[in-house]
Amino acid sequence: MFDGVAAKYDLTNDVLSLGQARLWRKAVARAVNARAGERVLDLAAGTGTSSLPFQAAGAYVVPCDFSLGMLREGKKRHPRLPLTAGDATRLPFADGVFDAVTISFGLRNIQDTQGALREMLRVTRPGGRVVICEFSHPTWEPFRTVYSEYLMRALPPIATSVSSNPDAYVYLAESIRAWPDQPRLAARLRSAGWERPAWRNLTGGVVALHRAYKP
Ligand SMILES: C[S@@+](CC[C@H](N)C(=O)[O-])C[C@H]1O[C@@H](n2cnc3c(N)ncnc32)[C@H](O)[C@@H]1O
């Protein structure tokens with residue numbers, strides 16, 4: 001599916017998020033707080049756009065994804081990023097090599113969520129951190145209703161006009177509705193072995209940033 005949407009992926013993000021995607025990326029960069037020289041794994045990095053803030057901070061960022069279509073598009077746009085092919089549930093990295101692991105809009109798309117969370121823990125050093133940026137559930141009921149209408153009714157026709165694969169955006173809407181809410185995702189982090197999970201809502205809970213630490 002991601003091979004098919006790769007060429008217009010970044011443009012579609014900006015349009016469908018009504019410009020919010022750029023703000024969410026800045027919030028992820030602040031939550032990861034990568035320092036110069038740190039090793040950061042950006043998992044399910046797609047075209048690598050989510051990896052750029054870490055490179056700008058002077059960290060050594062490894063963008064990793066299993067869609068060769070997304071990686072190829074990323075290579076054209078960001079030739080200096082070390083884009084790496086790899087499956088989130090069987091990562092091609094040794095134990096404990098990263099100071100931080102982050103994943104933006106990727107975890108919901110990985111079929112074996114717990115397997116991916118455990119792999120992310122394995123490749124992080126003790127005391128290292130994980131930051132997950134993912135669509136979530138607005139907390140204020142009236143906004144939740146409006147947003148649900150946007151997802152199910154407005155988003156598919158807009159996606160038809162900008163994306164090469166509108167069905168991917170029907171999947172997007174359905175997968176967001178089925179995704180665990182903020183406390184449930186924190187519980188999943190804990191059961192995968194991560195400590196002190198906490199979260200922050202962005203755009204009223206349309207997106208949540210979860211952060212946790214390796215014991
Ligand atoms: C919505 S894109 C997110 C891309 C990027 N992180 C961003 O914020 O723009 C989701 C990505 O997850 C990747 N993905 C899904 N399952 C994966 C897996 N098991 N291993 C690695 N990547 C995976 C897809 O190939 C896709 O590029």
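Positions of Cβ are set from backbone N, Cα and C atoms, glycine also.
Note: TrEMBL annotation is automatic and uncurated.
The feature S-adenosyl-L-methionine binding site is assigned by TrEMBL to Thr47, Asp65, Asp87, Ala88, Ser104. In the three-state DSSP assignment, the secondary structure recorded for Asp87 (S-adenosyl-L-methionine binding site) is strand.
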Least surrounded among the binding-site residues, given as Thr47, Ser104, when other CB atoms within 10 Å are counted: Ser104
Proximal but sequence-remote residues of the same chain as Ala88 (S-adenosyl-L-methionine binding site) (Cβ under 8 Å, at least 6 apart): Leu43, Ala44, Cys64, Phe66, Ile103, Gly106, Ile110, Gly115, Ala116, Glu119, Met120
Site with most surrounding Cβ atoms, counting all protein chains shown within 10 Å, from the binding-site residues Asp65, Asp87: Asp65
